[in-house]
């Protein structure tokens with residue numbers, strides 16, 4: 001029985017990153033964490049392109065454009081949706097998650113879900129590099145690994 005695994009070497013890989021402007025004070029940290037991790041694992045900065053979109057709801061469209069361009073080995077999607085007093089949060093979270101997942105399945109390109117969905121701003125800040133690590137960095141690791149798993153198959 002073969003065991004297929006992916007390494008964490010990003011040398012020679014190209015990445016697209018889609019980041020939401022809404023809650024940019026958190027998303028900037030997610031983006032920095034992702035880029036830092038990609039570079040530390042061998043990616044060159046000129047092999048990383050970033051696109052900014054208004055909010056999490058708009059991420060899937062740009063992720064699909066990147067994924068179908070043929071330029072990227074993986075696309076990382078970053079954003080933050082913080083619960084409020086209305087159901088808007090539920091709609092945005094659900095549609096962003098469905099859309100991002102659909103892009104990966106439709107294109108065969110790894111598309112990583114890095115949209116924080118938190119109950120409050122404190123949880124978001126914790127996940128952007130304070131107490132709970134940096135989810136942008138974790139998404140970058142996931143992107144590197146899944147690209148290499150797919151190459152090994």
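Cβ coordinates are placed from backbone N, Cα and C, and glycine is handled just like the others.
Database features, via Swiss-Prot:
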| type | residues | note |
| --- | --- | --- |
| BINDING | 22, 56, 57, 58, 80, 81, 82, 113 | 5-amino-6-(D-ribitylamino)uracil binding site |
| BINDING | 85, 86, 127 | (2S)-2-hydroxy-3-oxobutyl phosphate binding site |
| ACT_SITE | 88 | active site, proton donor |
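Spatially, by CA atoms, the recorded positions 85, 86, 88, 127 include one closest to residue 58 (5-amino-6-(D-ribitylamino)uracil binding site), and that is 88. Using a 10 Å Cα-Cα cut-off around residue 85 ((2S)-2-hydroxy-3-oxobutyl phosphate binding site), the binding-site residues 22, 56, 57, 113 reduce to an empty set. Among the recorded positions listed (86, 88, 127), 88 has its Cα nearest to the Cα of residue 22 (5-amino-6-(D-ribitylamino)uracil binding site).
For residue 80 (5-amino-6-(D-ribitylamino)uracil binding site), the nearest neighbour among the listed recorded positions (86, 88, 127), judged by C-alpha distance, is 127. DSSP assigns residue 81 (5-amino-6-(D-ribitylamino)uracil binding site) to a strand. When the alpha carbons of residue 113 (5-amino-6-(D-ribitylamino)uracil binding site) and residue 86 ((2S)-2-hydroxy-3-oxobutyl phosphate binding site) are compared, the span between them is 23 angstrom. For residue 56 (5-amino-6-(D-ribitylamino)uracil binding site), the nearest neighbour among the listed recorded positions (86, 88, 127), judged by C-alpha distance, is 88.
Residue with the densest Cβ environment among the recorded positions 88, 127: 127, by other Cβ atoms within 10 Å. Put plainly, the binding-site residues 56, 81, 82 were compared by Cβ crowding within 10 Å, and the winner is 56.
Classification of residue 86 ((2S)-2-hydroxy-3-oxobutyl phosphate binding site) by DSSP places it in coil, neither helical nor stranded. The CA atom of residue 81 (5-amino-6-(D-ribitylamino)uracil binding site) is located 10 Å away from the CA atom of residue 88 (active site, proton donor).
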